[in-house]
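Written out below as structure tokens is the structure these notes cover.
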Amino acid sequence: MQSYIAVNIDMASLKMLICVCVAILIPSTLSQDSHGIGWNNSPHDTASMDVGKISFSEAIGSGAPKEPQIRNRIFACSSPTGASVARLAQPRHCHRHADSTNMTEGIAVVFKQNIAPYVFNVTLYYKHITTVTTWALFSRPQITNEYVTRVPIDYHEIVRIDRSGECSSKATYHKNFMFFEAYDNDEAEKKLPLVPSLLRSTVSKAFHTTNFTKRHQTLGYRTSTSVDCVVEYLQARSVYPYDYFGMATGDTVEISPFYTKNTTGPRRHSVYRDYRFLEIANYQVRDLETGQIRPPKKRNFLTDEQFTIGWDAMEEKESVCTLSKWIEVPEAVRVSYKNSYHFSLKDMTMTFSSGKQPFNISRLHLAECVPTIASEAIDGIFARKYSSTHVRSGDIEYYLGSGGFLIAFQKLMSHGLAEMYLEEAQRQNHLPRGRERRQAAGRRTASLQSGPQGDRITTHSSATFAMLQFAYDKIQAHVNELIGNLLEAWCELQNRQLIVWHEMKKLNPNSLMTSLFGQPVSARLLGDIVAVSKCIEIPIENIRMQDSMRVPGDPTMCYTRPVLIFRYSSSPESQFSANSTENHNLGILGQLGEHNEILQGRNLIEPCMINHRRYFLLGENYLLYEDYTFVRQVNASEIEEVSTFINLNATILEDLDFVPVEVYTREELRDTGTLNYDDVVRYQNIYNKRFRDIDTVIRGDRGDAIFRAIADFFGNTLGEVGKALGTVVMTAAAAVISTVSGIASFLSNPFAALAIGIAVVVSIILGLLAFKYVMNLKSNPVQVLFPGAVPPAGTPPRPSRRYYKDEEEVEEDSDEDDRILATRVLKGLELLHKDEQKARRQKARFSAFAKNMRNLFRRKPRTKEDDYPLLEYPSWAEESEDE
């Protein structure tokens, strides 16, 4: 609501005020609640109407000229009888605007959103394996192949590293469902000390065991392996909501730094299997640089595909905070406005606006540090500056300011004011009640974001709006103080002018009361009050002006005002005239008064003057009389108008709260580039490890899902029997898959291919030898079975006995050879007989077994013949068959 006051005052009194008011262009509120006198326009009043009460602004409001014009209305006024009286108001107390401002002094601590990442120390354990193949031919070696990889170190070896500072030269690792071993320089395993690396930075230190690899030999190919055990001290960084962290090496670990298995609340984020994560209590770590053993702490270990990482276990609420202290303000002022508080920070030239309800800080997630930090800062400021002059008033209050700033405010009260307050409370026999603190439940701002674990304050990146708020508040305070002074001066001026009006009512009460009421009235002074009667409007056609202003019968006397004859109209208003209604058509003698008023009677006379020239207002125009005779009618526009009216439109500046306008959010600024570094690094690390889950290799699907689905089908449809059958199916499938996987792995090995090639060549050679033996057996079985029994072809015949001198000796030698040959033949026949007999028995047993199995599957009933045992094959029958 806006109210304006326009009052006609003299030029000299407001010459200074004009210059000030021209500069004030901001609209606000100004109301004046003056009380005065006015009409009670009831149609049941008498001819002289009683005066009721109207406001002073209503009385003088009609005097503000919208456009300079003269009303074409004429009124007839009767002499007041005293039935309606009025009085002028007394001077009033002038209010000062500055007295209404409620200010509270105190100490403020301003918090902002903590956008800094959480930084903590980690230790990286891994073995760097390098396999190099070189070629040399009595010349400089050439590298033909190189393979580099990193493998994690198991927990038991990490314990040895942290205790003794030594690491093994052997690396055992698992890749593609197989275990591998690597040895440094292809030598036997040994313990090597960890020595500092020359490559260091402010955020990382490294220790390793070797930097030398035997890469070549003088002649031929050489494949050499080096195993370097590396331990790195790094800084890791994690940002809210702390679901992963990154290291200076560029590696990212997809687990929260606050992850723990033993927790009662919701578990933190992790994509690793439980067996990869270890929590060790009272673990001691040796500083490899100084050799000192650190105090025991709870230690976390995580085994990744390429490294093992260790860090100290931490409590999330004790380690991180979503808010951080921005500034401390020893002299802060809280100004109370209609709907908000303004916290003015004079030293920082900033002002923050907030709601009037304190903010419930327990709603914030990970903001337990705020009360502690605020209390420590306020205690320090109070002890240094206010302990001897002020006392604290109430507890620390928190307010959420515009732009996402949390304000901790401690109210202060001077010793003198506090003593007066206590004395007043004791006098009233009760202690002062503190203002009830209400929580701002449900109050939402653009700076407060809700989450599953609690709310979080997001702070605007710029505080320019707070500086603008401070500037506006300073200008507002200055302008409002100036306007307050103007209003006070205006009030005092009205009081002084009221004294003048009291004196004017004694001289010309008609003009005074007409100007106050804004309409023609007739007034007469009755002691200290004024009798007032209302004037009746006379239509201009009911008025007849006379041309001469001379008094009939006396040539020396003339009328000072033009004379006229008028009559009241037949309108309902005529009933309020002094004449009766039945005489309304009779002419009434009168004179033209000031401001289009008709004076009943012709009592205003004066001695006639020479060169008389007068202008009298009638309706909208003026009547010109010269030598007391009407000359002509003059238009009002022909006469230059001089106005002394000055408008005073004093407006107080409104309360205005500046809010931050963020053109580009942080997310938009972060996404302005083509690539997002965090997303690229995380994707690259995940792609290099080739996992969907950290332990599920993409190419490691062996078809288990199909057989598992079959087993579930049996279990769901056949019940317990189906579950047992499904277990059998899964077992058989696992055996088949393992066999096939083993064969596939064997065939994929290059040594297996070489072994298979050698086996094929050996088999071919053995086959050719067997084929040659069979062909020789078919062509000459006696020679093959009994070598030497028959002389080979081309052997000269044995000489006859006649060529020998000693015939008896020759005959004896021949008989001996025959006996030896016969013995060999008999032994060979005996062996053949035994082999045939053995084969016949095996055949008979197999036939009986096959017959029994057929009867068993066919469920053939037993007969009496089946109860008799088979007769054994007699030995004499076998001998007869042989014969």
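Positions of Cβ are set from backbone N, Cα and C atoms, glycine also.
Segment annotation: Swiss-Prot labels region 'Involved in fusion and/or binding to host membrane' over residues 134-140 (candidates 134-140, 225-231, 309-315, 652-658). Swiss-Prot assigns the feature region 'Hydrophobic membrane proximal region' to residues 724-744, out of the candidate ranges 10-30, 724-744. Here Swiss-Prot annotates a disulfide bond for Cys558; of Cys491, Cys608, the partner residue is Cys608. Partner cysteine of Cys535, as given in Swiss-Prot, is Cys77 (from among Cys77, Cys94, disulfide bond).
When Asn40, Asn121 are compared with the annotations in Swiss-Prot, the one labelled N-linked glycosylation site turns out to be Asn121. Checking Swiss-Prot for region 'Involved in fusion and/or binding to host membrane' across the ranges 216-223, 392-399, 776-783, 832-839 points to 216-223. Per-class residue totals from DSSP over the region 'Hydrophobic membrane proximal region' (724-744), listed helix then strand then coil: 21 helix, 0 strand, 0 coil.
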